[in-house]
Amino acid sequence: MAASELYTKFARVWIPDPEEVWKSAELLKDYKPGDKVLLLHLEEGKDLEYRLDPKTKELPHLRNPDILVGENDLTALSYLHEPAVLHNLRVRFIDSKLIYTYCGIVLVAINPYEQLPIYGEDIINAYSGQNMGDMDPHIFAVAEEAYKQMARDERNQSIIVSGESGAGKTVSAKYAMRYFATVSGSASEANVEEKVLASNPIMESIGNAKTTRNDNSSRFGKYIEIGFDKRYRIIGANMRTYLLEKSRVVFQAEEERNYHIFYQLCASAKLPEFKMLRLGDANNFHYTMQGGSPEIEGVDDAKEMANTRQACTLLGISESYQMGIFRILAGILHLGNVGFTSRDSDSCTIPPKHEPLSIFCDLMGVDYEEMCHWLCHRKLATATETYIKPISKLQATNARDALAKHIYAKLFSWIVDHVNQALHSAVKQHSFIGVLDIYGFETFEINSFEQFCINYANEKLQQQFNMHVFKLEQEEYMKEQIPWTLIDFYDNQPCINLIESKLGILDLLDEECKMPKGTDDTWAQKLYNTHLNKCALFEKPRLSNKAFIIQHFADKVEYQCEGFLEKNKDTVFEEQIKVLKSSKFKMLPELFQDDEKAISPTSATSSGRTPLTRTPVKPTKGRPGQMAKEHKKTVGHQFRNSLHLLMETLNATTPHYVRCIKPNDFKFPFTFDEKRAVQQLRACGVLETIRISAAGFPSRWTYQEFFSRYRVLMKQKDVLSDRKQTCKNVLEKLILDKDKYQFGKTKIFFRAGQVAYLEKLRADKLRAACIRIQKTIRGWLLRKKYLRMRKAAITVQRYVRGYQARCYAKFLRRTKAATIIQKYWRMYIVRKRYKIKRTATIVLQSYLRGYLARNRYRKILREHKAVIIQKWVRGWLARTYYKRSMHAIIYLQCCFRRMMARRELKKLKIEARSVERYKKLHIGMENKIMQLQRKVDEQNKDYKCLMEKLTNLEGIYNSETEKLRNDLERLQLSEEEAKIATGRVLSLQEEIAKLRKDLEQTQSEKKSIEERADRYKQETEQLVSNLKEENTLLKQEKEALNHLIVEQAKEMTETMEKKLVEETKQLELDLNDERLRYQNLLNEFSRLEERYDDLKEEMTLMVNVPKPGHKRTDSTHSSNESEYTFSSEITETEDIPSRTEEPSEKKVPLDMSLFLKLQKRVTELEQEKQVMQDELDRKEEQVLRSKAKEEERPQIRGAELEYESLKRQELESENKKLKNELNELRKALSEKSAPEVTAPGAPAYRVLMEQLTSVSEELDVRKEEVLILRSQLVSQKEAIQPKNTMTDSTILLEDVQKMKDKGEIAQAYIGLKETNRLLESQLQSQKRSHENEAEALRGEIQSLKEENNRQQQLLAQNLQLPPEARIEASLQHEITRLTNENLDLMEQLEKQDKTVRKLKKQLKVFAKKIGELEVGQMENISPGQIIDEPIRPVNIPRKEKDFQGMLEYKKEDEQKLVKNLILELKPRGVAVNLIPGLPAYILFMCVRHADYLNDDQKVRSLLTSTINSIKKVLKKRGDDFETVSFWLSNTCRFLHCLKQYSGEEGFMKHNTSRQNEHCLTNFDLAEYRQVLSDLAIQIYQQLVRVLENILQPMIVSGMLEHETIQGVSGVKPTGLRKRTSSIADEGTYTLDSILRQLNSFHSVMCQHGMDPELIKQVVKQMFYIVGAITLNNLLLRKDMCSWSKGMQIRYNVSQLEEWLRDKNLMNSGAKETLEPLIQAAQLLQVKKKTDDDAEAICSMCNALTTAQIVKVLNLYTPVNEFEERVSVSFIRTIQMRLRDRKDSPQLLMDAKHIFPVTFPFNPSSLALETIQIPASLGLGFISRV
């Protein structure tokens, strides 16, 4: 198809733009050939007429389909051009936050300027072992590819990291080295990987500086070779450096800094060790203040200094050398402050006693005067003479700066040499991976010598890159047998020739440097004369004669000639160097010594190559004048030689390319500047790669991928069984131009744009199919909807009509009922209203009548009171008038009488003046006197009477007087009251007047008050109503509050319950964490133990011939013994000599592990002593109880004694028989002369052993028969004795007469008496001896306790000694003490064991006899029955042997037992043919027998051998799942047996009575149970690792890549990375493969009898591994994040769940481990547009972390055009909603996580005595007991 045919309406194109570089537009109409203008519609909504170039008539670039945008590999794009590359990088960087992208063989890394969580251990583990194209692009993928190709191809590799300053080169190289260090590990214990990583902070401090573009810019190039041994473990490294920017030491541009180390020194100047350097603030030194930016935001220079010193220490640079380095650096700073004063234009001087120079000389250890002289002078040598010439101030300043630069460069080289020395390995290097961190192409406004060298290096690297890309393309075409057509690619060899060829720029520069009067101007003229107009790549600027232009591969660069000669010469005065060489400071001359004497590990690398540093290529010879020649060797010449060597190294390796891109110049995170990005893409060769790919066949598909993707374009008849032929037939029909594609052996190759055309055809076909499907489905849906609506309408009508009829009938019924109800209701209402009115009327009448009565009463009362008031007022008025009238009358009478008296007085006065008046008066007086005398007498008489009367009346008078006085007082009061009342009346009248007025006012006020009252009443009523409403509201609120309180109480209880549940869960989690930590420690211990074994094996292999006669115990064995055997005798006998021998060979200064083990041993011995004491006490109690029982039952005791005598006689007879048979056998054997006959393996010996075995079995049977017979006899005798006491003597006589001989009775009686006496004496003697032994043991134990206390005190005293003496003394003391104590204890234990065994046997016999006697007595046999039935002879049945569930073996057969049962056992045969757990049962039965024999040594030896043998088996066959599963099952069964038969009540409740009889009686093996539990944990972890190794290759292929549902997920176009050489040709795994493997695991575990709970835990762990690995790969693979892949995953998970249901394992917790994967699959399928969708996602994905959710959304990629990408705003919404969620920031799940395992107790119902030992096990030497 022609390219112009793709320019149809709605096709999208790219057009150039000055701001955005490229803009997207859409065609508004089809393009026709010949059109000069394209009508375009821009994305911002504008229409544009785009004019085509009339000359070239090139159409704008077509835009790729949306489904191809954001691809991992740029070569997967159908249209390969600059705008497509730029847009793809921008979409990945901005929208998906992905900083890595493949471009063919190149990894493009964009600096995010932000810390990203994609470099952790989990990411490294995820990329380890993966194919490069299987995972998303990453620096770890490139590192893994290099590491894998090195191991597979055995070819050295190189990773070339390039880019601009600030693009992230150093960080990328650092992460690559971290990956190698983490994945490979080191071959020795020297931690080489840590040293390799530790070299970074040192090199950054002395070689990195802050620039305007980067805060940590590398100002030198470096190539680090990381060496590997044959096992591909890191053994060392070597570093080469290139072109250090020395000029930065003396000059920095604005906003830049010098090298970091200077500022770190200044920041640490206050440290005590730095006082001598006399440093201060960085602004005080000329060399650190020029940039004006002494600090970097967020960087602590003092802290960085500490990191640098720590790294130096780790790399072996001693403190003295570090201080020497700092002295030299401080001297450089002080040298920069040295100032010069001009004497004249040609000479200068330094001020006397110049402080900076004196400090410099003190630090450098040189003479002040000499250095001062040579800083201001120089020596000139001619052919005849030498003379000293002063120099000017400018020349002196330049010479000072040159000296500072030279010192720093030498120090830099010295540090690099010492770093290499620390990283150097003595082991031979097998291969290496080189990491080249080198400067990218640079172009500035002013470009000088440094930029020229940098761009020259980039030209060489670009040439190598182009050739490599071209070579890979050619190899791919040849591999696929495609016709090779020469691709025209840019070859920059002409540019390289211009620089480095004869009479090239460097050659002319070196030649000009040799000229005495050579200058930059003369060199420029030579360049113009030589190359101008002769080389197309060389140009001259129009406006300058001191510059030249070179057309590099990336861009044109204009170089300023000024400074080229000086920088190329790198001139340093020889006299100044000589002064420094004469320094007293030893380190300084070392910097300037000849290369052949210098200590430099780079002088000869392990591969025999010369170093690629800036040192001379040829070694110098030690003759005079050589130093001058050395300094005359130019920088350009050195750099060219180093570059050639670098290219040789790179050409000898397989290169891997990392191109770092700087997205913007402002260091803004995730901000993309298109202009800057395009410049760097052009400069770093990415676009050249694209161009080379586009020139050939960039799109490549395998036949299967093409068929899967474009199956929709084929018809059924086109599909053949041969996929290759099918694809050929279809392509010939779809693409008519055969030049647009080629068929290879395994792939189809397409030209650029053809995949887009095929995608267009596919999309059109799918769109047409979708339209057809939509048409049909919509018609069917609408028809179905119509029929459903019609049916619904008819149904609704039917129901509505029926409803209406029912409603009408109901209405009629209700109407009638309502009429009746209304009648009665109205009647009720009227009657009620009448009653209410009548009641209200009566109430009103009563109130009204009462009101009127009260008013009438008040009126009468007022009238009555008014009358009284009137009465009193009128009386007062009348009295007042009367009194006034009487007063006037009296006054008139008085006046009249006074007047008459005055008249009478005048008459009397006249009469008195005459005599006759007096006579008359006297006569009348005498008569009167007489009369008066008589009257006096009469009056006296009357007086006496009156006196009497008076006395009588006085009392009356007094009372009356008192009354009158009271009345008077009352009247006076009333008078006063009247007076007051009168005044009051007046005032009342006035008040009445006022009151009238007030009344009127009151009435008016009353009216207003009434009005107000009415209003108040209304307001009050309103208020009351409001209050009532408020009251109701308050009641409601109260009820609501009560309800709320109840709910809150419920919620609180629920929250408390939830909290309790959460706390319980948290405690369970904590328990699991502790258990996991403990199990991890066990895992680490086992790993270290295995490593120790490996190292020991290596040591044994290294030893040539062992010493004769000396057998050294395996250290692993001894360590295991000390850990697991506790107090075994074998361990002690083997360990004690080794312990005593070790101090004589070598005194270890400190061995705390041994010290702690000895302390543990002391505590164990104390516990054993206590156990022995308890055992003795218990035995004494048993003896006392048995004695009491004997005293209570004298008859029974007599029977027992008789039984003992009979048993003894039987045993003696049996022994005699056995002795006779044994003697006969010996005689028979002695008759044969052959010595082999008596050998252990001889036939006669076997016959003897068989006979002995049969005899012993026969003896046991006979013993049982005798015991049964004697017990029956005794019981009959005991039953007969009561009968004899109750019957008369005749019966007794009859019984006695039955005996043939009367003497037998007396003889039997005498025998019984003697037997009784003998047994009693024996028992008494045994009791006395036992008591004596017990007392002696108590005394010994007490003395042992005292000795132990004394030893502990002595140990505490030793702890106060110095550490070395304390440890040595304590160890020796403990060893000797424990040795003696063990010997004593073993002797005592043997004695006690013998005594205890005797007592136990006696007690068992007594207990058995007592039980049999009780059984005999319980037989309800009446005396009558005994009389009637004569005693019959007893039949003795032959009883089958009753086994006790024990196995007996000899001590010397222990190793044979372990070998046959553990070391050489085949699990498959045991699992198929025998009962599960048989080895565990056999081992436990052997332990039981040893416990029965009370043989401590045998028990511990067997258990120790068992544990060690299981470990050996697992170490030897630890990769076999069946073996590990088999021994995990048997170890757990052995552990359960030890618990089940331990005798503890908690474990015995599930046992039968017979099983309880089989419990261990002598030993408590709880400590061994713990050891076995630890061993089971280690086996479980090993089992998990085995199944993980088996499942891991299947998981990604089966769960993600394989299409379980065919045709759901379409294959997208992929780039070159999917077809790299790393992909191994292996079979593809499917989900069925995983399920088959799971079935295999499950069946094997079930066959081995593994506990069901343990099987559940294993299945849970397997499912976690499946889910974690699948999710991790999903998070790291953009091509897997699609809707269809989510469906595949959910289907696969459902199949796994179905498998769980089939195996009845749904309650194992395995399904929950898949929850993160299930939610991730759901997240791929749910709608992702609105806020509701975001809320649903947040609530749904609770098992995923925020980082995982955002990562999945960022990676979501549509497979078809019908899907949409997730918008950035939606992702931000998700992040905002999840910002409060507290979860782990870790992106990936820990696939190596192992859940803590538990071993729930699972008792066995199998009876031990029923277990048969098959002959196939080869255990004929053990016998059942």
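We number each residue from 1, going along the chain as drawn.
Any Cβ shown, glycine's included, is placed from N, Cα and C.
Since the structure is predicted, the reported quantities are computational estimates derived from the model, not experimental observations.
Residues or ranges marked as domain 'Myosin motor' by TrEMBL: 69-763.
The Cβ of Ser165 (ATP binding site) has 19 neighbouring Cβ atoms from other residues within 10 Å, across all protein chains displayed. Taken from TrEMBL, the feature ATP binding site covers Gly163, Glu164, Ser165, Gly166, Ala167, Gly168, Lys169, Thr170.
What TrEMBL lists as region 'Disordered' is 598-631 (among others).
When averaged over the region 'Actin-binding' (643-665), pLDDT in the model lands at 89. Per TrEMBL, the feature region 'Actin-binding' maps to 643-665.
Residues or ranges marked as region 'Disordered' by TrEMBL: 1106-1148 (among others).
Taken from TrEMBL, the feature compositional bias 'Basic and acidic residues' covers 1136-1148.
As annotated by TrEMBL, domain 'Dilute' applies to 1504-1780.
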Cβ-Cβ under 8 Å with the region 'Actin-binding' (643-665): same-chain residues at least 6 beyond its ends: 89, 93, 103, 105-113, 139, 142, 145-146, 149, 153, 155-169, 172, 176, 213, 223, 240, 242, 434, 436, 440, 456-457, 460-461, 464-465, 468, 609-610, 612, 617, 671-673, 676-677, 680-681, 684-686
Proximal but sequence-remote residues of the same chain as Gly168 (ATP binding site) (Cβ under 8 Å, at least 6 apart): Ala109, Asn111, Cys660, Lys662
Shell list (ATP; ref centroid = CB of Gly163, Glu164, Ser165, Gly166, Ala167, Gly168, Lys169, Thr170; cutoff 8 A): Asn111, Asn214, Ser217, Ser218, Gly440, Cys660, Lys662
Chain-internal residues, separated by at least six, CB under 8 A from Glu164 (ATP binding site): Arg213, Gly440, Phe441, Glu442, Cys660, Lys662, Gln680, Ala683
Per-state residue totals over the region 'Actin-binding' (643-665) - DSSP helix, strand, coil: 9 helix, 8 strand, 6 coil
The one of Gly163, Gly166 whose CB sees the fewest other CB atoms within 10 Å, among these binding-site residues: Gly166
Which same-chain residues, if any, lie at least 6 apart from Ala167 (ATP binding site) yet have Cβ under 8 Å of it: Ala109, Asn111, Gly440, Cys660, Ile661, Lys662, Gln680
Surrounding CB atoms that lie within 10 Å of the CB of Lys169 (ATP binding site), all protein chains: 27
